[in-house]
Each structure stands twice: as C-alpha cells, then as structure tokens.
Amino acid sequence: TKMKLPDQEESESSNAHENVPVEELDSSLGPSTSPDGPSDTDIRELGICKDPLLFIQLNELLGWPQELEWRETGRWMLFEEKLEVGAGRWSAPHVPTLALPSLQQLRSLLSQGLVLLNCPAQSLLELVEQVIQVESLSPELRGQLQALLLQRPRHHIQTRGTRPCWGSTHPRKASHDENVPLKEQCQNSLIQKLPPRAEAAAVLAGELGFLAQPLGAFVRLRDPVVLGPLTEVPIPSRFFCLLLGPPTHGRGYHEMGRAAAVLLSDLQFQWSVRRASNLQDLLAALDAFLERVTVLPPGRWDSTARIPPPKCLPFQHKRLPLQMQEAKDLFFLCRAHTEDRHSHESHEPSPELQRTGRLFGGLAQDVRRKALWYPSDFLDGLHPQCFSAVLYIYLATVTNAITFGGLLGDATEGAQGVLESFLGTALAGAAFCLMAGQPLTILSSTGPVLVFERLLFSFSRDYSLDYLPFRLWVGIWVATFCLVLVATEASVLVRYFTRFTEEGFCALISLIFIYDALGKMLNLTRTYPIQRPGSPAYGCFCQYPVPGGNESQWTRTKPKDRDDLLSMDLGLVNASLLSPPECTQQGGHPRGPGCHTVPDIAFVSILLFLTSFLFAMALKHVRTSGFFPSMVRKVLSDFSSVLAILLGCGLDAFLGLATPKLMVPREFKPTLPGRGWLVSPFGANPWWLTVAAALPALLLSILIFMDQQITAVILNRKEYRLRKGAGFHLDLFCVAVLMLLTSVLGLPWYVSATVISLAHMDSLRRESRDCAPGEAPSFLGIREQRLTGLVVFILTGVSIFLAPVLKFIPMPVLYGIFLYMGVAALSSIQFMKRVKLLLMPAKHQPDLLLLRHVPLSRVHLFTAIQLACLGLLWIIKSTPAAIIFPLMLLGLVGVRKALEWVFSPQELLWLDELMPEEERSTPEKGLEPEHPFSGYASEDSELMYQPKFPEINISVN
C-alpha cells in the first residue's frame, strides 16, 4: 500500500520552503506585503518567526558483509531526488510516496530508541559519542559503531562547470580535520539554490550484521553546526537521525530512512519537531502526519511511477498544529486595529479610483502620488534585469510598428505608412514614459483603432473629403472629450470593467486580426490567381536593372485586373501593363532575366504566410515543451514574432521571387507625396466639417477610453503587487495630449497595447532566487521604473533609418504575424475554454474550478450570452453602421450589469467578477463555495483561498 503525502492533498503557500510562512496565517487576506497587514516587526514581537529551509540527505550503509561504506542515495528540500546510480545522475524532483509499514516501523523504532532534543554537540565526533551511549551496546560494539559513523560518505556532487564527481572514492577514518568541508562540497552547484539561513538534516540508515537488535536515534542539535563531510553541502546541520539494524528481507531500513527524510521535509512536521520538548511531542507530530496522509490502494497504480511536482502547492490551513493556531490568533489580533480602522472602507475601491468631487481632482492626486516616486523611477531602472528587458521590448515594439505600419498604409492607401508608424511610436511612447502615471504601459497602434482609421478613411474617400485635415479635427475633438473625461473623473468607471467586458473586447480584437490577415491573403490570391497544371500562365512579373543601380518591375497581365494589381501594397517603383523588350512568353513560360510567372508568386506568398504563422505558433508553445533548457525556451517563445519574420525574409530571399514587399520611403519624409509634416487644418474640406467631426470623435473617444482603461485595469491588478500605484486619470490625460500632437503631425493614434505591456511587465518580474529543485519561483512583484520604456522608444526612433532593410520584408510574412497575433490572443482567454465546453461531452471536459461550483447549464448560458454579444458587435462592425461600434463596446458594461438579474452573485463570482454594488451588498465574510452538507471539509473548499499570482505568460505578439 502506498500513500500520497499531505502536501498533495492539502493546500499550502507557494513559499513552500518557509516552515512557518506568515502567508499561511494570512493567505486569505492577501499577500504579506499588503499595507493592511502587520509589519515584520509586529510578526517578530508575536514570536512568529520563519524557520530556515531544511536540506535533508539520506546516507545509506552499503556493502555488508564485505567492505562497508556510506553512500548518499537521496536528498530532499521540498521534493525528493533519487540518485540513479547506473546513469550517474540525480533524478528529476518528484513527489515522494511511501509504504505505510515503513512509517509504522519508524514510529516503533523511535519510540524505543534514543531521542536527544537539545544536544550540545559541536562536532561530528561529539555527536557520535553521544549517539552510541546506548545501554544495549557493549564497549566493543560502541567502538566499531563509532568508527563506522565517522567514515566519510560518498556524495554525488555536481560541481560548477565540471562533470559530477564523488565526494570520496574510498572510506577514510576519522582525523583531526573531519569537520572541515571537502573542496568538492564548497564547489557544489546546489549551494546556489539554498537561501543564506539554510540548515541540514542527515538521515543514516542501513543493515549492520554485528547488531543483534535495531538501533534508532533522533537528535536535534541545540546550535546548528557544520558536521564536516556528512552532507554534500557545507551548511550547519540541525537534525541527525540514525536507523540501523540486523539484515532483514526486503529494503526495510532503506524505506525507513526515506520515511524519516520525508517526515523532515514536511513543513508542519518540521515546525512541530523544532519545538518539541520530549519524545511524546515527537511522536505526536508523527501521528499528526499520519492522520493527513492519503492511501493509494495497491494494484491501482504503478508504485514505481514518479509524480511530478504541482505547479502551485495548496494551502495547509487544516494542518496547523495547536501552537500555530494560537500564533494565528495573535496574528489576527495584531491586524484587528488595522481592520477596525478600515472596516468602513472594506468594499471601497483603491485610492486611485475614488472620486474627489473636484474638477481634475483625480488628476491632481495622481500627479502628487507619482511625484513621490519619480526619482526612484529612474534609479530603479539601473538594475541589470532592465537591460535585457530593453532588448526584448525593443524588438517587440519594432515588430509591432512594422506590422501595423504596413497594414495602416494599406488601409489608408499610403496616407500613412511605416515611417509614420516608427516616428509616432517613438515620439508618443517616449513622452508617455516620461509623464504617465503607469510607465510600464507601452503605447502602440491597436486593432480597434486601426479599424476606426480604416472606417474614417473609407468615409473620406466615399464623400471626396481630404482625409488628413478631416482626421486632424477628429483628433482635436477626441483630445477635448478626453480632457472632459479627466476633469469629471470618469476613470473611476473602470471598476465596472469586469472580465465579461475584457473578454468581449479581447475576442473582438482577435477576430479582427484573424479576419484581416485572411482577407489580405485572399486579395493577394485574387491578384495572383493560381493556375492548374498545364494551363497557360496568367502573366509574368519581371525585374531588370536600369541606370542608376535601381531595379524596375514590370507586370504583364490581363487588363481587367489592373485595379486589383495597382491597389495592392506591392512596394514597387514602377508598374505597367507593358513588359520590357526582353520579356517574352513562349508556351506560357516567361523568358528573360528576373521573370517569374504569377502563379509562382502566388504559391510563394501563401508559403510565406503559412510559414510565418506556423513557425511563430510553434515557438510560442516551445515555452511549455520539454525541449531545450528553460532559458532557451523562454527566449525562443518571447521572440517568436521576430524569429518568424527573419525566417520569412530568409525564405523569400532564397526563393528569389518578386513577392509583395513592405513599402518604405527612401527619404525621411511623409509617405504621402506632396505633404509636409504639419497637417493643414482645412485643406479642401468645407468649414462646417470642423464641427461635424465631433460626431465620429465622440465615438472614437469612447473607443480610446475603453481601449486605454481596459488595458490599465489589467496592468494594475492587485496580484501584480505594484508598490507605486496606478494613475488612471494621469494616463488618460497623457493620451489626450498625444492624440492632439499625433493628429497635427499626421501620425497614427496610440493607446495602451495590452499584449506588449504585459510582456514588458513579464520581463521585469521579480522572483525568488532560492528555490528548491522542483519548486516554482515565488513571485515578488514587478520592477517598476520608467527607464526601460524610455530607452525602448528612443531606440525605436533611431530605427527610422532602417528603411533600406525594412523594404525586404514580404507583406505575406506580416499577414502571417497578424494572424498569429489574433490566434494567440484568442486562445489566452477563459472565454475560449468555455466555448470548447459547448462541444465536449461531460466526461471529456477538463477539471475547471468553475465547473465544481456552477452547474454546466448555467456555464453554457453565460457563454451563449457572450457569444451573442460578440456576434452582434461583429455584425455592426461589418455594416455601414460600423462607425458606432465603439458605442456598442460600451454597451457590454450594461449587458454585464443586466446579468445580475439572471445569475446569482455566487455564480458570477466564479464565471466573472463582482461589480462594486455587488461587493458592497456581499456580507463581510464574503462569498464561499456552497456545499450540500454543513461542516463538510470538501477537498476543494480551500481553493477559494489560494493566493493569487499573476499568470503573465503571453509572448510578444
């Protein structure tokens, strides 16, 4: 019979290496760094200290009846690692499993053996001398046992920069320097994973022929001391356990040694045994461990299988000993005065989202709040981690500027292009990083704004309006409306943006990306139709050199396709229906230098499109695969878009066909010929258009507000542990000013880009460095500063001079990246998981937490309502009334409010989030999972109280 250990049944804090984590006493109330929680001084005054990490090593006695030697066979910090002798390596960390008899035998042996709980030994020799003082041992046996225990064990040590080595080749007897660590111990790479205050525990087990009866000893040193080469890492030892006995059948003492090591690796057992005063306390801690184990019936599973470590360890509030419960009571008494002081604000929003009742009151508070942190915003950016973040986000920003610049040029027929995209990104982004309330935000062109730009251009073209002057007045009105929103503190309304609204917005953006990418490729295939084998070629496309070193491109095609050809953003210098003299066709095949059939170009364009998309998707999933080291996987996943573009360009250069390329100006001047950098406010438009522009500007203001603030809400969630606070009003004010500036210069409009901003935060996340093997690093927060964003946008501005390189990027590659952006963003939201449930039988559905607490029919109803809203948004976007679709986005908030009449607060808590009114109407104790039986300790009831940690795992799209 095997057992599943308590760590796998119960929950515990993610900082699992701490024996008495304060988070365990307060995990349901937020992270320990919360301003409402007790300080470290308060915790120390209460006597609630954090015990050091315990490294446990099992040394097994092997070689009886021949030459005896101690050999390290296992080690534990949080999970078990076994020495695979044949392979000469340590196994992957895994959850330990034990046989129930081994724990029972260990308890019996300890109850009859020697227990020293405050041993004053200061060396291994003194410790051994006290352990062998057992009445049942004769002086001769004591001498033999002392010599045996002082032998140096053989360790399997992985030294830094070398192959694994054994700590000692042959057993050696004690000498005057037995307490001096070996050179290999000091070079052990495992030391890097141990925190400074780590302690060791040595478990010695084995069969000894000259013993007539079992010998057991458990020692807790009063002061931890380094016991020489006893353990593979030279750190002070706190515990020593000896389990010896006569030879038996099976591997009894080996399993008892593993049982002792697993007990010591259990956090609650450690807490109890560190404070035990006698044998009864030790046995009580062992019995408490046995009460919480889960038995796996024999024959139902493979006992040799190794259970991988869970991604997040559950919280063990049910296993707190009585002493810890008392400490917990003191802990909450310490919090009482804080809770009393803030009880009337328990359901109030964060300070950034509270109304002041004054014009620009929220803006003034944001400025005062952020001014205190302004010097540190630059000093904190001098950390080495920020330099790697600059390279990462710079490549992401350049990729985004290239992609959206090319698509914007296609949508506006050259009124704006890549050069404007680079210049606007650099100018607006740098200014935002210097002035904004949340400098971690990255400004960029976004899908909804791109859709509105296309609609605005189409409207101007259909009614013969001068586009850029009309756009200027729209921008002026948008800036005015946004300033009104800032003055009236409208940003407090972001409290009503729940996940329902965020998912609808994200799904619409993703579908726009996917639809536009596929639409562009379909247009390209219509321009270059694919012919069946043996049919005459549709035409030929030729390149030939002309004086001056440039290349001219000529196209022979049917006259009826002239409009299609010239409407494509091919980036050609010349295009004509006449072919050059050396271009002739015989039998449907072109002749002459640089001539290609149109079907060739079509095939290659589709190949580039699919290659860039599939390669980017493959690299995105490398992060969760088992290939390559973790750092390599992270780099490949983070730079998936950049690598996909490079692969597409390389493949295009290798094939050498004249595929459609990105159109980039050769000089530093606007893409549209004949215009300057300042847009004329009137142009050829009538005067009344300056007033009429207020109507589309009102709709765009709603879109800007939602696009900007939804991203701000996501970035400023509490689980990201931002110390310097948000600045919703200040951010919107900066966006309004930049809207005015970019409109005057004829540059694209910019708002916060969710994906790149999340990637920026991901590159600056702070994690604990001291992690046990198999343990996920603990999230500590984000490195908040302004320097990385500022440097990124300065480098983006310098990249304007990369035009000679950017002109070689094929447009099908950018379309493939655009498709990848849509698919990646769509697959990352919970909405898609619930959509998949509609097509899954119940027995094949994943074990989602919400399915444990909400009936499946109610989940399907919620998903169907979201699908209906998304379909309505898409229909409006695709009709002549598309210009009002920002107003429909705002309607998502109203739909979510109406759902309170359909779903209970309990259901909405699992399916979405509660709105402010629902939170205020919730009892003080909050909502808890409902169970059919009162007092029933459900295995998942504590999942409500797991600490929230951000899942920033979106690669740069």
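Keep in mind that glycine also has a Cβ here, set from the backbone N, Cα and C atoms.
In TrEMBL, annotation is done automatically, which means it is predicted and not curated.
Looking at the stretches 500-518, 880-898, the one that TrEMBL records under the feature transmembrane segment is 500-518. Per TrEMBL, the listed range annotated as region 'Disordered' is 920-944 (candidates: 345-369, 545-569, 920-944). Here the domain 'Band 3 cytoplasmic' (183-303) returns a mean pLDDT of 87 for the predicted model. Cβ atoms under 8 Å from those of the transmembrane segment (687-706) belong to residues 448-449, 452, 456, 459, 465, 470, 473-478, 480-482, 485, 490, 497, 505, 681, 732, 735, 739, 749, 751, 883-884, 886-887, 889-890 of the same chain, restricted to positions at least 6 beyond its ends. Sequence-distant contacts of the transmembrane segment (470-488) (same chain, at least 6 residues past either end, Cβ-Cβ under 8 Å): 359-360, 362-363, 456, 460, 679, 681, 685, 689-690, 693-694, 696-698, 700-701, 704-705, 729, 732-733, 735-737, 739-740, 742-744, 746, 749. Across the domain 'Band 3 cytoplasmic' (183-303), DSSP classifies residues as 47 helix, 33 strand, 41 coil. Of the two recorded stretches, the transmembrane segment (421-450) lies close to the transmembrane segment (787-806), with three or more CB pairs under 8 Å once pairs fewer than 6 apart in sequence are set aside.
Using the rule of three or more Cβ pairs under 8 Å, pairs at least 6 apart in sequence, the transmembrane segment (500-518) is in contact with the transmembrane segment (813-832).
In this chain, the transmembrane segment (601-619) lies close to the transmembrane segment (813-832): three or more C-beta pairs between them fall below 8 angstroms, excluding pairs fewer than 6 positions apart.
Under DSSP, the residues of the domain 'Band 3 cytoplasmic' (54-159) split into helix, strand and coil as follows: 32 helix, 39 strand, 35 coil.
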